[in-house]
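Below: the structure, in C-alpha cells.
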Amino acid sequence: MNPVNDIIDSYSAIVYTHKTVGVDKLASHYLGWNEIKELSKYYDGEMAVLQTCNRIEIYLFSRNESSVNEILHYLNEVHNKVISTDATILRGEEAIKHLFEVASGIDSLSVGEYEILKQIKDAMRDSIKLGIGSRYIRALLERSLKVGRRVRLETGISRGKVGVYSLAVEFAKSRFGDILGKKIAILGAGEIGGKLALILHNEGATDVTIFNRTFERGRNLAIKYGYSYFPLDFSRLHNYDIIFSAIFYPEKVKAPEGTVVIDLGSPPVFEGSNVYTLKDLEELSKATLEERQREIERAESIIREGLEEFRKDCLNLVYDNFVSSFMSRVEETRKEEVERALKVLGDDGEETREVLEAMTRSMIKKIFSPMFQNLRRAVENNEINYINLATSLLTHGGISQDKTKEIKTEQEYKGRSSGDETDS
C-alpha cells in the first residue's frame, strides 16, 4: 500500500484544446456558469473547470473509477450532442503533468503566456466558491501555480512579447508593417479588450476607439488610456484600418471591406476574406515555438521536479488526514472519559470540570506530540513504510470510526453481561 500513489491515481482530467479538436470546434464545447454549477451537483467528488480561449479542461479528484464517464455523460446531455468522443482523458500523473505544462505556458497557443496563471487562479476560486474544490484539487492547482511561476522565473520562456493578445497585435503589425497612425477599433471592454488596450497603448497607438455593449464600462477603459469610446454599433466600423474583436454575438457579421479584422472570439463574430481568427494566430505561434524550444526543454526539467514536489504535497495530505482523523477519535474518547469521571466523582461542578478538561488535554498533548513530530519527520523524509505502519496501528487497523464505535459498544455490552452473571 502506498498512500501517495493512491492519491496520485485518483486525479484525472477531461481535456479539449485547440490542438485536439481545433479552434472552430472548441467554441461549441464551452460550459456556462450555470452548467458548471449544475455539474457540481451532479458529480460526487472534487473538481475544477479551466476554460480559456484555447482550452476547456476539467480536473477531477475521485476514488470512484466511473467518475470520468459520469462527467462525459453530463457533457453530452448539456450540449445536446456527443462531445465525449472529442475528449482526451488523462489519468494519474499524466493529468497532473499536463496541468503543470499548461501552467508553465509550454502547452499553449502562445508559448510562455502569463494569462494562464490568472485563469488557473480563477478556476480554483470558482471551484472553492461552488464547494467542489477541497484539499486535493486545491493542492494540485496551487502546485501548478508554483511550477508555472518558477518556470517563468528561471527560464526565458516568457521573455519578450507573449500571450494571445500580444500575438494578435504582432499579427496586425505584420499586415501593415507598423500600427502607429492607424485607426484602430477594439470591440469589447472585458478582460481581452482591456489587455489589447494596454498592449496598444504600450505600442504607442493613439487613434483607438473602444466599442462596448455596456457604455460605462467601455468609457472607463477608454478614459484610462486616453482613447475614444462608443456603444457597440457595427455600422460605425467602416472607417477603421484594424478591428480587434473580443465579443460574443449571436449572429455572424460581415467584416467591413478594406479593414483587417482580428477576431479573438470563440466562435468568431465576423466573416470575410479579411478576417483573421485564433486559427490564423496558430501559425504565428509555431514560429515562436521554434525560437523558444531550448527554454521549453528547461521548463520540462522544472516540471519533472514539480512532480516530485507534488508527491511531497500528497504526503503532507496523508499526514494531515491522519492527524485530523486520529485526533477527532482521541477527542471524542477524551470527552467521554471526562463525563464518566464526573459521574464517578459525583461532582459536576464547574471547577471540577475545568480541572479534568485541562488535565486530559495536557495528557493528550504530552503523549501524542512526540509521535506526531516523528511522523512529520517521516513525511519529510518520504519514509512510506513508517507512515503506513503508524497509520495502520493508530487508526484501528484501518477500521472506520463508525465500525470502531460498533465494536466498542459490543464490548461494553459483553462486559456488562459478564458482570451481571458474576453477581448472580
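Every residue, even glycine, has its Cβ placed from backbone N, Cα and C.
On a predicted model such as this, the values are computed, not experimentally measured, just so you know.
According to Swiss-Prot, the feature substrate binding site maps to T52, C53, N54, R55, S108, E113, Y114, E115, Q119, an assignment based on sequence analysis. Listed in sequence order, N54, V102, I116 are the same-chain residues at least 6 apart in sequence whose CB falls under 8 Å from the CB of S108 (substrate binding site).
The annotation active site, nucleophile is assigned in Swiss-Prot to C53 on the grounds of sequence analysis. Cβ neighbours of C53 (active site, nucleophile) (same chain, under 8 Å, six or more residues apart in sequence): L109, V164, I192, L264, S266, L278.
The feature site 'Important for activity' is assigned by Swiss-Prot to H98, with sequence analysis given as support. Cβ neighbour count for H98 (site 'Important for activity') (all protein chains, 10 Å cutoff from its Cβ): 20.
Feature annotation from Swiss-Prot assigns NADP(+) binding site to G188, A189, G190, E191, I192, G193. I192 (NADP(+) binding site) falls within a helix when secondary structure is assigned with DSSP. Just so you know, the Cβ of I192 (NADP(+) binding site) picks up 22 other Cβ atoms within 10 Å once every protein chain is counted.
The annotation region 'Disordered' is assigned in Swiss-Prot to 401-424.
The compositional bias 'Basic and acidic residues' feature in Swiss-Prot is assigned to 402-424.
Cβ neighbours within 10 Å of G190 (NADP(+) binding site), excluding its own Cβ and spanning all shown chains: 14. When Cα-Cα distances from T52 (substrate binding site) are compared across the recorded positions H98, A189, G190, E191, the shortest belongs to E191. Spanning the residues T52, C53, N54, R55, S108, E113, Y114, E115, Q119 that the record associates with binding substrate, the maximal Cα-Cα distance equals 15 Å. Looking at N54, G188, the binding-site residues in this record, the fewest other C-beta atoms within 10 angstroms of the C-beta turn up around N54. Listed binding-site residues: T52, Q119. The one with the lowest count of other Cβ atoms within 10 Å of its Cβ is Q119.
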